[in-house]
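*Asks:* What TrEMBL shows for this protein is this:
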DOMAIN    7-111  domain 'HPt'
MOD_RES   54  phosphohistidine
DOMAIN    189-328  domain 'CheW-like'
């Protein structure tokens with residue numbers, strides 16, 4: 001579907017960005033795996049690896065890269081079992097994750113060189129499924145912990161807790177689990193569609209984005225509010241198109257790569273006219289900062305918060321408030 005939403009040049013640019021980010025995620029995950037080999041008790045390291053693979057899968061999903069989706073999904077599933085203490089991070093299991101990193105890197109190489117993928121990863125998927133079902137699970141994990149008594153506490157202290165002197169030597173901060181701990185699982189992540197308007201990047205929860213289309217002929221509506229561009233035919237359905245910038249008082253853009261996000265819930269469907277759609281990113285709720293200490297949109301009341309990604313700020317829109325504002329303005333038409 002992605003290749004229908006973007007021009008060939010835009011799609012090529014998205015793929016280039018994905019490849020660069022994938023190499024970075026793989027490098028980060030590989031370094032963290034080396035740490036995990038030395039310290040299988042480090043829950044935060046394990047969590048970090050999971051997030052890196054999860055990010056790769058999210059980008060691959062957006063671009064429809066099925067081979068990378070398949071491999072990263074199985075790796076993510078195994079890592080999640082490790083996070084939930086169902087599988088012990090033994091050397092065999094860690095080596096399996098290393099192997100997956102190598103496979104994804106080769107798939108990314110093929111994508112970068114525009115080569116047809118001829119990598120057979122079916123045996124690797126089968127290997128992960130065997131690990132998953134072979135009782136590398138809870139009983140084996142417990143036995144592994146007993147064998148590694150130096151690494152794991154056997155007192156009443158929480159599992160995976162170690163002494164502070166050891167923590168100082170770790171490349172990653174050790175995470176101590178207590179009774180109030182709630183593990184992060186895949187469902188905790190919010191998938192955000194990021195897009196640009198002017199010089200700012202914004203984000204909307206993907207569940208409210210029904211599709212992304214190119215703007216076609218828009219019929220203006222007499223006496224409509226300035227931000228209501230008009231009506232657009234979307235496969236037989238008439239959709240009201242709202243200019244995101246004019247709705248929120250954002251500085252006008254000179255972009256020529258406009259897209260329309262079809263936004264909707266049970267009450268309202270409309271098109272949001274934006275500059276350019278970037279990518280889908282996965283965000284944890286606690287990553288959304290409420291302190292609006294960067295230049296933000298003038299209508300701050302519909303801003304949910306700000307997320308930082310690789311030094312860039314994404315301003316997350318409270319989509320319910322945006323829909324309410326759009327609904328109110330359309331009632332004036």
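Glycine is treated like the rest: Cβ placed from N, Cα and C.
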*Asks:* For the domain 'CheW-like' (189-328), how many residues does DSSP put in helix, in strand and in coil?
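*Replies:* Going through the domain 'CheW-like' (189-328) residue by residue, I get 24 helix, 69 strand, 47 coil.
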*Asks:* Averaged over the domain 'CheW-like' (189-328), what pLDDT does the prediction give?
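*Replies:* Averaged over the domain 'CheW-like' (189-328), per-residue pLDDT gives 81.
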*Asks:* Take the Cβ of the residue listed as 'phosphohistidine' and count every other Cβ within 10 Å, whichever protein chain it belongs to.
*Replies:* 19
*Asks:* Is it possible to list how many residues within the domain 'HPt' (7-111) are helical, extended or coil according to DSSP?
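*Replies:* Across the domain 'HPt' (7-111), DSSP assigns the residues as follows: 91 helix, 0 strand, 14 coil.
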